[in-house]
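Right, one structure below, let's go through it.
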Amino acid sequence: MSSSFLFLLLLIVHSTTTTTYSQTTASAPAPPGPANITKILEKASQYTILLRLFHMTQVGDQINTQLNNSDQGITVFAPTDNAFSGLKTGSLNSLSDQEKVELVQFHVIPTFLSTLQFQTISNPLRTQAGDSTYYEFPLNITTSGNQVNISTGVVDATVANTIYTDGSLAVYQVDKVLLPMSMFGPPAPAPAPVSEKTKKKSNAVDDTSSSDDGSATADASGTASGSNLHGFIVGLAGAIAFMGMLCS
């Protein structure tokens, strides 16, 4: 066997060993981390205003924290910049800082909802804004075929498409900003005033009760006074009879 052949064979063996060792020691790629709502909306574009509100109210950070620490998931309804441009001029600027937080939270459901779950959902949904009673933060979802409709009592919106879903986070594009009743709806009606007739009836009942109490007290006093007088007379008669006996 020639020396050149042996040299070639050794070179091939060395090359194969080096390649195998390199493949064995190479580190595996790191597993993907939890979804980040900010990065998702930045990648999708056309959500500049919503991203600004997420940053201003810190709701974006709250969503990411919940995705890291909870198994319930998150559902976000994301209005586009065009949806925000449909609001009345000055609508956002007129809100206090707390109201801006509640407005953004009203677009967030603290559980993961797939499109199939929209068909069987129980209304009203509770958002991260809190109370879902009618004059506070009610959110109702209905479906018609493949269309998903959202009603807040102030606006009716439609889910345009799915921006992102992974079983933990679902982000849906909506064609309108979801305006809650507590900020943009009519004020809750005041309690019904008590009528004069009801007041008079109530006063009459009170007067009757007082009168009855007074009569009972008077009767009791009269009875007690009569008993005391009778005792006095009997005692006096006994004393006179006793004195008569002594004199005789």
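Residue numbering: from 1, along the chain as shown.
Every residue, even glycine, has its Cβ placed from backbone N, Cα and C.
TrEMBL lists 206-224 with the feature compositional bias 'Low complexity'.
Annotation comment: TrEMBL describes 34-178 as domain 'FAS1'.
Sequence annotations record features per position, and here TrEMBL assigns region 'Disordered' to 188-224.
Marked as signal peptide by TrEMBL: 1-22.
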Overall pLDDT of the domain 'FAS1' (34-178), taken as the mean: 94
Number of helical, extended and coil residues in the domain 'FAS1' (34-178), per DSSP: 47 helix, 38 strand, 60 coil
